[in-house]
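Data block below; observations after.
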Amino acid sequence: MLKNINPTQTQAWKALTAHFESAQDMDLKELFAQDAARFDKYSARFGSDILVDYSKNLINEETLKHLFALANETELKSAIEAMFSGEAINQTEGRAVLHTALRNRTNTPVMVDGEDVMPAVNAVLEKMKSFTDRVIGGEWKGYTGKAITDIVNIGIGGSDLGPYMVTEALAPYKNHLNLHFVSNVDGTHIVETLKKVNPETTLFLIASKTFTTQETMTNAHTARDWFLESAGDQAHVAKHFAALSTNATAVSEFGIDTANMFEFWDWVGGRYSLWSAIGLSIALAVGYDNFVELLDGAHEMDKHFVSTDLESNIPVILALIGIWYNNFHGAESEAILPYDQYMHRFAAYFQQGNMESNGKYVDREGNAVTYQTGPIIWGEPGTNGQHAFYQLIHQGTKLIPCDFIAPAISHNPAGDHHQKLMSNFFAQTEALAFGKSEETVKEELVKAGKNAEEVAAIAPFKVFEGNRPTNSILVKQITPRTLGNLIAMYEHKIFVQGVIWNIFSFDQWGVELGKQLANQILPELADASQINSHDSSTNGLINAFKAFKA
């Protein structure tokens, strides 16, 4: 089990608090001027394909010394061992946390309740391989004998965000199949998707562990009704629907052949489930071999995370730097900024991964914490973000640490597009770190022909303070393997922070109350009668909704 250690009571936390008093005056210009080897000292390579540069952070050797001491005092190493060994570290739900077993490519036994889960994991992978080979190869036929052309994945949360993010990121590896993702219970999402597909050549994947998720099953029934308008015979459902679920009874009642039901387990959290059968849409989009490459990449990062000393451990370093800003500098958010259009959903994916995991105000003993936990995660691809929100990052009053991610090799080397993209990638972190002084601004204005009065008037608005921290993550190329590396790296960063903050990162009770109340409100919307069973605001909104509909 995970230890219950209040981080604020550790010697390291107290040392960091004292260190912060002097560290507030850290200046990145000075830090780089004082140490010509700073980049070499504060960067790390993962294999031959990924470079993580964390030198443009407001840290020095003393900062890192105290942060690593914090990791040791909160017994991070034993927590890592507990997760990988199958202990039930998701204590509020009594579950192990073993998404890492799904990508365990060594087949080393992984025990849960005395049973090795690897034979079951590998059996599902083999079933996925057989299924994807048949669909991609055209052997799987629809009810009129035509091959499948379109896949519609119906899920929500982890059953949607992960597969969608990955299939978009790996679009250069796509085969002939067209992928569609439906998640929102708003009827617009399913209706607009169904307009694009042909019932004779469409395969629906219904991704719901329990086969009871409201949004997913509402969309699934709408899809089935639409399909049967053309197919007619209920028996044809089996040729056009597959299930990613564990509820065989409900799957069968829906009309899906349980031979086309792909299992996963309660030790797989939704936001970590793309490695499981939930990733079937990924395998269909890019082929099973590329899906395995994705697993291999994640497994490589798992091995690094488990076996590397904390001081050289990339997810640990990133997590600790995040804690430094979150808990000592008072930063409330972090931006993830991929300079790769294919990765346009990467920030959204880890918005869920981080905020659902570490958005907790109660510690592992059930007490309200007295310190900050999970940050707000957001971001968009570069260079779009530069023309949207970078203004605030550069010259606003909020401290926003940023991760910049970019591939050295583009999948689309059109003209000089990639050089221009990368020039912006390099320029932004340099500008954020070192800024532009008032002296430089005035010199530029004078050279531009401005008189003294004009210079004095405009100069303050053109000054960049700098000292805005960033990590730069340079990848040789975005491939299934390197994408697997990156996803696992961020997963483990989130885990490390949760361990140190003494919270449970693998439950998500915060999503339950809204669902519970929605289930109570739903029958109240069935007719035009006035509602007075809630607070005045909710009553007023419901009654106004009914009036608008009348």
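We number each residue from 1, going along the chain as drawn.
Here the Cβ of each residue, glycine as well, is placed from N, Cα and C on the backbone.
As recorded in Swiss-Prot:
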type: ACT_SITE; residues: Glu356; note: active site, proton donor
type: ACT_SITE; residues: His387; note: active site
type: ACT_SITE; residues: Lys515; note: active site
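Features recorded in Swiss-Prot, as mapped to the structure shown.
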residue	record	Cβ contacts under 8 Å, 6 or more apart
Glu356	active site, proton donor	Arg271, Gln508, Gly510, Val511
His387	active site	none
Lys515	active site	Gln214
Reduced DSSP assignment, His387 (active site): helix
Per DSSP, three-state class assigned to the residue listed as 'active site, proton donor': helix
